[in-house]
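Structure first, then comments.
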Amino acid sequence: MRHSPRKRFGQNFLQDKYIINEILRAINPLADDNMLEIGPGLGALTQPLLQKLNRLTAIEIDTDLQNYLTRLPVSQGKLNLIPADALTVDFCQFGPHLRVVGNLPYNISTPLLIYLLKFITCIDDMHFMLQKEVVERIAATHGTKAYGRLSVMLQYHCEVEYLFDVPPEAFEPKPKVDSAIVRLTPYRVSPFESVNTEKLENIVAKAFAMRRKTLTNNLKGIISLSQLNDLGIDGGKRPEQISVAEYVQLAKFISN
């Protein structure tokens, strides 16, 4: 199919067979898996997944691609295509033990990752191709430059595994940046205390609002220096020096 990639959907189509096989190996799909693909595009992953699965749900916003995907011989009786924007979908409607995969468009990857956290109880694992810089941010440890809001929120909910890099040559058209594959596995038993996710997101967003300022400055009016000291958290540190566990502690304190 000749399809001109649409800039507004951030479309870059995966074409490299070796990379496709490596992604499939990482996902390891089994016939009865409850699998959902976000943004199947021209079906580079969709088609080999359909060969291994009894059924696949896919969410695609582009009408041209919707028509193309439903006409594929391998799709017949197996592909459940949802014509929608993934940011508007209730993922829990597809049942428990959901395995989510996708080559996420760069322009919506961060909001979509945060959005998916709302449905974390319905998800077994997620495998995504993202801009390499985004995967580095997700996997970053505190005290590093890449560590930020995305690192804290995703690491609070999931075990993060940075799997491998994907060069621009694997796509058509070639993106200007490298990509990478990440595996996110929601915790069965969390290493962190349970806390209100909204409170955690709010405190993390405020803490990272101005990265060069100290935690005390960024959280002025929310928590005092003496209260931070009582929690054993150094208010003189910058937000990227505060661990996920410490942000959880802060959210818990504010919730009470």
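Cβ from N, Cα, C; glycine included.
These come from Swiss-Prot:
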type    : residues                                  : note
BINDING : ASN12, LEU14, GLY39, GLU60, ASP85, ASN103 : S-adenosyl-L-methionine binding site
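What Swiss-Prot annotates, mapped onto the structure for a quick look.
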residue : record                               : DSSP class
ASN12   : S-adenosyl-L-methionine binding site : coil
GLY39   : S-adenosyl-L-methionine binding site : coil
GLU60   : S-adenosyl-L-methionine binding site : strand
ASP85   : S-adenosyl-L-methionine binding site : coil
ASN103  : S-adenosyl-L-methionine binding site : strand
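In this structure, ASN12 is the one among the binding-site residues ASN12, ASN103 with the smallest number of other Cβ atoms inside 10 Å of its Cβ. For the S-adenosyl-L-methionine site, whose binding residues are given in the record as ASN12, LEU14, GLY39, GLU60, ASP85, ASN103, the maximum C-alpha distance rounds to 20 Å. Comparing local CB density within 10 A for the binding-site residues GLU60, ASP85, the maximum falls on GLU60. With the fewest other Cβ atoms inside 10 Å of its Cβ, the least crowded of the binding-site residues LEU14, GLY39 in this structure is LEU14.
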